[in-house]
């Protein structure tokens, strides 16, 4: 009879009892992962979670004298969702404005939820600075699991954040291929939370996944968190059924539109083969370190009849002026918005990775071009590379080139490209995503564009246990790291965390590491709790 009941034992163990999680990041074609400690059973966490409910009680109820709403998972989830980052003064965590986090902790340096919640609680409930969507969703997952509500973190790759058109995302480039900073942002990935409950307010008799996004996002009427939204209602396009349904639907069904901005401020659509937004939605698998693809829970297969029917249904609700419009009318409107395909120009192009670069290594690509016509093609291309944040903000453009390409009838050409570490290294910082673009010169006629997002992998930190962990018996581990760069790494700091192994995170100052220098440090700890534990190590320096 409990609205949060799960009848699958393995699912209960994963989504309520498991303290170890995995966050998925990167880009659609190169998914990376990092472990995370939820730590919902650590000492003091339950008290902190109850304090969160106390602080957020006025969000929906004005007063909390009778506490009667606390047996309703819908209201509990809304309060927790609001408290993570949307509360005006007492939210748990803040996201840095304009990627400026000099007055706080680097957003990607956290290994788990426990230090964040403890810092918020001990700091008189003032926001912890700083986090990002992954840490916000993970902290919410910790709180929900601690309160007994099954929860998991979901990552959406190619996440649109549009201010004006809820079902369209615009990216603007100049003639060199540089991505210009517009109102819309195409996040490379975005994390949110799903919680399992039966929605009595929707007359649900059985539990199902509800989407909750604690990251405040711009909606055109200010920034706000979203949910709970029934995941199935998103797939079906039933937007009137739930909280923030139109926001969540647009975040997995928006259409990409690319524009070239010329010197006279004229914007034209270029030929390209855009990937759909929300290319893939994944979460940690039950009882496994692998990920589970849950894209099908949010939308039907692209181009299928059910996918089209859901889209038409949602389109009419988002755009009331099309309430009585035919499906053909909506199709014509959508076709007018989209970019023409590269094949329509008689040219096919793609950028293919030749290696999987790590910090310090050159980026190697193959630029593949194919002439689909029976006549020669003479084109001039401008190429560039720039840093892109995970939230789609374009940063420094650090590499430019121009190439004249001649393609004979039906000819296929492979042009190797190389971006050296000396070119991208000084600009990468914490943002390990590079966008490479090739765009044809507008003076040659039709504008063609191809792009590729590249993830630069961080060097690994190796953790090796030197003795078998036993309860209340001292244990040692060796942490090692090698500087792979052809330069010194300055201000190197190792952060260690292990729920059940030591109560407070350890910080080890490694100073400066010379090129190819191996750093080894031995740490001693005494496990204070039975169970499965994980020791996490995170290295930070002046480079990342």
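Glycine residues also receive a Cβ, built from the backbone N, Cα and C atoms like all the rest.
Annotated in TrEMBL:
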ACT_SITE  133  active site
ACT_SITE  190  active site
ACT_SITE  213  active site
DOMAIN    125-216  domain 'Transglutaminase-like'
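Per DSSP, the secondary structure of the domain 'Transglutaminase-like' (125-216) breaks down as 17 helix, 43 strand, 32 coil.
If you take the Cα of residue 213 (active site) and the Cα of residue 133 (active site), they are about 9 angstrom apart, rounded to a whole number. When Cβ atoms from all protein chains are considered, those within 10 Å of residue 213 (active site) total 29, not counting its own.
Taking the C-alpha positions, the distance from residue 190 (active site) to residue 133 (active site) comes to 6 Å. The Cβ of residue 133 (active site) lies under 8 Å from the Cβ of 95, 190, 191, 192, 215, 391, each of these being in the same chain and 6 or more residues away along the sequence. All protein chains included, residue 190 (active site) registers 26 other Cβ atoms within 10 Å of its own Cβ.
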